[in-house]
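Per TrEMBL, the features are:
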- A:Asp29, A:Ser44, A:Asp74: Mg(2+) 4 binding site (BINDING)
- A:Asp29, A:Asp74, A:Asp219: Mg(2+) 3 binding site (BINDING)
- A:Asp46, A:Asp74: Mg(2+) 2 binding site (BINDING)
- A:Asp46, A:Asp121: Mg(2+) 1 binding site (BINDING)
- A:His53, A:Asp270, A:Trp329: substrate binding site (BINDING)
- A:Gly120, A:Asp121, A:Arg157, A:Ser221: ATP binding site (BINDING)
- A:Asp222: Mg(2+) 5 binding site (BINDING)
- A:27-136: domain 'PurM-like N-terminal' (DOMAIN)
- A:162-311: domain 'PurM-like C-terminal' (DOMAIN)
Number of protein chains: 2
Amino acid sequence: MPGEFELIARYFHRDLSAAPGVLLGPGDDCALLAPSDGMQLAVSVDTSVAGVHFPPDAPASAIGHRALAVNLSDLAAMGATPRWALLALTLPDVDEDWLHGFAAGFHALADRHGIALVGGDVTRGPLSITITVHGELPLVLNAASTIDRVSQPILRRDGASEDDLVVITGQPGLAHAGLKAWQSGQRDVLDPCLAAYLRPEPRIDAGMALRELASAALDVSDGVMGDLSHICRASQLSAAIELNQLPLAPELIAALGEQGAQQAVLNGGDDYELLLTLPEANLDAARAVLRASHLSLTVIGRMHTTQEEVHRVSLLKAGVEQIATGQSWQHFPANTTAEVSS
Amino acid sequence: MPGEFELIARYFHRDLSAAPGVLLGPGDDCALLAPSDGMQLAVSVDTSVAGVHFPPDAPASAIGHRALAVNLSDLAAMGATPRWALLALTLPDVDEDWLHGFAAGFHALADRHGIALVGGDVTRGPLSITITVHGELPLVLNAASTIDRVSQPILRRDGASEDDLVVITGQPGLAHAGLKAWQSGQRDVLDPCLAAYLRPEPRIDAGMALRELASAALDVSDGVMGDLSHICRASQLSAAIELNQLPLAPELIAALGEQGAQQAVLNGGDDYELLLTLPEANLDAARAVLRASHLSLTVIGRMHTTQEEVHRVSLLKAGVEQIATGQSWQHFPANTTAEVSS
């Protein structure tokens, strides 16, 4: 898009002289970065495609916010401090109003989390946004001053232990209700469900605060059942979730009813809350460190071993195993096998 | 694409235990990387959209090669050593044959340049490939052990000086002829023009070898005239190119005729040769270091100051300024202004 580069640069190039570790920002072949001494880099990439990951007619500022939020959420799930982002933007045409809104949504969230946009690429094509984020984490060296891969204080997926609690931040499910509301034509962006969907809040502070207290973590993009199964598989354990302990926001129950609310938490996603495992002894400390950010931490289950080779997530209601039947759950029949996730 | 992740992981996940600085590869929320002590990171992102940047019916292995090559070329243009890549792949559907070919083309080039695929993302949508590459460069500290942004030995665009030679690697233009050949229905992938277009060779070794000899550099994606104007603007200088000195491959003249060949070098792109400026005193040394990779370095012009504020690229033929007229060039009329690039 010759000539249009200038226009686009106007929306995305900013003064980076105060951004930590940025030796050269956009405009050359590469950005140049000076990683901090004694740190390791956490790097992640995510693509948001119009009509697949977001409604093309959503407010441009929400699209900019959301595209960055889902990437920051990956840093949160690792406990990393956000540092640098690269933005690859594929646009069907150059719409200055849209670019202005998109950039405003992107930069507002970026500024709040101290992540600098150091490079990018703009191409012509179907609307799609790919963001690469870089965060930093302490790099622990062992006695011989070499790197020991397993002893790093990182929120990996494979660190859960038997009897660890399964906990979740905040009040998940609202974004799923918001997606349904958007699809049904609601456009009141101040509605708590719609707001949760359009502008999810990456749990950066929580991830950093819980880095040394939790044993495993990920961000919930596909619902608790599916995402917890990733931790089970990586950690070679099973998990049991208690239906009655799910944190259901009153607005969520108002929007979807109680069973719909449970369904949203278990199988909906898009909130990008953190799902973690931790030793019971760390629970009070974990809740204490989240108090500063006014974020709740709810125990929803526990990790356990299984005699079989399979690692699965089971659902209990008042301690009795359930099986999903459409939009509801029933007692688990003794002689069938629940969905296996390993 | 639930369920398809496994399939895709099969093509892209590889053993990274020997990859330098990779603490954690694909499969968690982030990849974890340990940048080398005393180095800075060069980072770049590029998107290739089907039908815009490559023909959708090109061989899948060529698409995989080319998508990575254009990114590696940005590292080459900075003089950086390739380290880590992230791949965001948007696919209309899961075609195992296509994925197999794409991965083969990608990994063959990646292995040759020692860049490890540490993370990625696969989404459903119109075929599009976004790659983020990370390279490393020495980080020079000044006497006070702090970072001096301007004294880094980096191939930036703004380092050209008056009287520096303008040089180019290899024999550009072939890829432009290859694009035309592809568009006209030729499919002989062993044809030198088609091969140059489908499988451009990023000049990684040349970039690293010339890092301390050249004053400025970029990779040629849009032709010498346009890309040299970026160096002119960044370095606040003008440049004169001598038409008779352009390195024209016999295959290029055979394909396009002499004027078509000149046009391909000046305004075509896609070869990803390096365009550099350097002091005349460094020319012999620069040619000597490229001999190991059997790569030629041709002087095609010189940087100069101008009395006006504008910085432009002028075209000479036997020393007489020319102006483009369609597919040809004529003497530059004294009382008109050439295309201004600042």
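Yeah, the Cβs are placed from backbone N, Cα and C, and that goes for glycine too.
Quick caveat, the model's predicted, so the values are computed rather than measured.
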Among A:Asp29, A:Asp74, A:Asp121, which are recorded as binding-site residues, the nearest neighbour of A:His53 (substrate binding site) by Cα: A:Asp74
10 Å Cα neighbourhood of A:Asp46 (Mg(2+) 2 binding site): matching binding-site residues from A:Gly120, A:Asp219, A:Ser221, A:Asp270: none
Residue with minimal Cβ packing [other Cβ atoms within 10 Å] among the binding-site residues A:His53, A:Arg157: A:His53
Alpha-carbon distance [A:Asp29 (Mg(2+) 4 binding site); A:Gly120 (ATP binding site)] in Å: 10
Distance [Cα-Cα, Å, rounded] between A:Ser44 (Mg(2+) 4 binding site) and A:Asp219 (Mg(2+) 3 binding site): 13
Per DSSP, three-state class assigned to A:Asp222 (Mg(2+) 5 binding site): coil
Chain-internal residues, separated by at least six, CB under 8 A from A:Asp74 (Mg(2+) 4 binding site): A:Ala42, A:Ser44, A:Asp46, A:Val133, A:Asp219
Secondary structure at A:Asp46 (Mg(2+) 2 binding site), reduced by DSSP to three states: strand
Residues that sit under 8 angstroms from A:Asp270 (substrate binding site) by C-beta distance, when 6+ apart in the chain: A:Ala175, A:His176, A:Gly178, A:Leu179, A:Ala196, A:Tyr197, A:Pro200, A:Ser221
Collapsed DSSP category at A:Asp74 (Mg(2+) 4 binding site): helix
Position of peak Cβ density within 10 Å, selected from the binding-site residues A:Asp121, A:Asp222: A:Asp121
The domain 'PurM-like C-terminal' (A:162-311) - residue tally per DSSP class, helix then strand then coil: 69 helix, 27 strand, 54 coil
Three-state secondary structure, which DSSP defines for A:Arg157 (ATP binding site): coil
Mean of the pLDDT scores, which run from 0 to 100, over the domain 'PurM-like N-terminal' (A:27-136): 95
Cβ neighbour count within 10 Å of A:Asp46 (Mg(2+) 2 binding site): 25
